[in-house]
Amino acid sequence: MGSLYSEYLSPTKVLEHYNYTKETLDVPQTLSRQVALVLIIILCCAIVVENLLVLIAVARNSKFHSAMYLFLGNLAASDLLAGVAFIANTLLSGSVTVHLTPVQWFAREGSAFITLSASVFSLLAIAIERHVAIAKVKVYGSDKSCRMLLLIGASWLISLVLGGLPILGWNCLDHLETCSTVLPLYTKDYVLCVVTIFSVILSAIVVLYVRIYCVVRSSHAEVAGPQTLALLRTVTIVLGVFIVCWLPAFSILLLDYACPVRSCPILYKAHYFFAFATLNSLLNPVIYTWRSRDLREEVLRPLQYCRKVAGVQGRRGGTPHHRLLPLRSSSSLERGTHMPTSPTMLEGNTVV
């Protein structure tokens with residue numbers, strides 16, 4: 001146990017692994033590189049702000065406390081933490097990397113794997129919820145709130161375990177020949193395992209959506225309404241954007257597994273592929289707020305309030321106190337004389 005801790009805290013271990021897997025560690029701090037780092041930081045700050053606004057909107061309005069919005073809120077939380085993790089990863093990369101101890105390096109990379117796992121499991125939870133609500137047409141009552149929260153908690157627990165496996169011992173600190181080129185302290189087997197798990201989950205999600213689509217298209221009942229189809233399109237867009245953004249990164253990791261050390265120079269450019277993957281966390285809140293007028297209004301209300309207050313203070317003649325107006329529903333069904341009992345149609349009123 002003592003030798004394990006001594007290796008985890010060794011100040012030279014990371015440098016040893018990077019020397020073995022990389023052709024060169026000299027990364028000149030050119031102006032273009034510095035500009036790119038600043039742009040990445042700004043991008044990540046935008047990710048944090050966007051997803052924080054979504055979380056606030058979902059938390060403060062009881063209209064968004066249904067199963068679907070709880071899972072979307074969980075996805076927003078994972079995207080927010082992904083933005084924070086990528087900021088830390090960016091600030092601790094480059095010349096700083098070789099000065100890290102292994103435990104610091106594991107924390108840097110593990111946080112990214114944990115948030116990625118949480119995003120994948122959130123997409124799976126959304127797919128299961130859509131399958132239950134549309135294919136099974138079951139009502140999500142208040143008695144199932146604990147079950148949904150337990151599902152969300154379990155997804156984070158599994159993500160923590162999956163991202164923490166290297167620091168728990170599944171690493172290549174004593175076996176340089178098994179190390180990944182992209183992630184020099186991770187074993188190639190671990191990287192392949194993670195990519196395989198994610199690929200299987202995403203394939204299962206695609207199968208669920210195909211099944212849902214078939215049920216909706218073949219149904220002549222209330223479940224096949226336009227709101228339901230719009231909702232199905234939205235979650236399908238979210239899944240499609242995730243696959244498009246992360247497919248290059250997954251491909252690089254698979255290539256990393258197949259390539260012997262120092263034989264594939266493109267692996268040294270892997271950070272560009274992961275930077276592209278980060279766009280997924282920026283686009284998710286844009287997609288489901290753009291597709292839902294109610295959620296969009298709720299997300300923008302704090303910004304509108306701040307702008308209104310700033311305008312009043314600028315004119316000096318306005319009243320100093322303003323209250324937020326209650327959220328007006330965009331749904332014609334909610335303005336009707338009765339509320340629908342189908343959870344699908346109820347959620348379809350605020351198309352997410």
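Including glycine, each Cβ sits where the backbone N, Cα and C put it.
When you check TrEMBL, the disulphide partner of Cys264 from the set Cys245, Cys259 turns out to be Cys259.
The recorded disulfide partner of Cys172, taken from TrEMBL and restricted to Cys179, Cys193, is Cys179. Here the transmembrane segment (70-92) does not touch the transmembrane segment (190-210). Their Cβ atoms form fewer than 3 pairs under 8 Å, with each pair 6 or more residues apart. Cα of Cys264 (disulfide bond) to Cα of Cys172 (disulfide bond): a span of 20 Å. Long-range Cβ contacts of the transmembrane segment (190-210) within its own chain (Cβ-Cβ under 8 Å, at least 6 residues beyond either end) map to 113, 116-117, 120-121, 123-124, 127-128, 130-131, 162, 165-166, 170-171, 180, 182-183, 232, 235-236, 239, 242-243, 246, 250, 253-254, 256-257. Taking CA atoms as the reference points, Cys172 (disulfide bond) and Cys259 (disulfide bond) are 17 Å apart.
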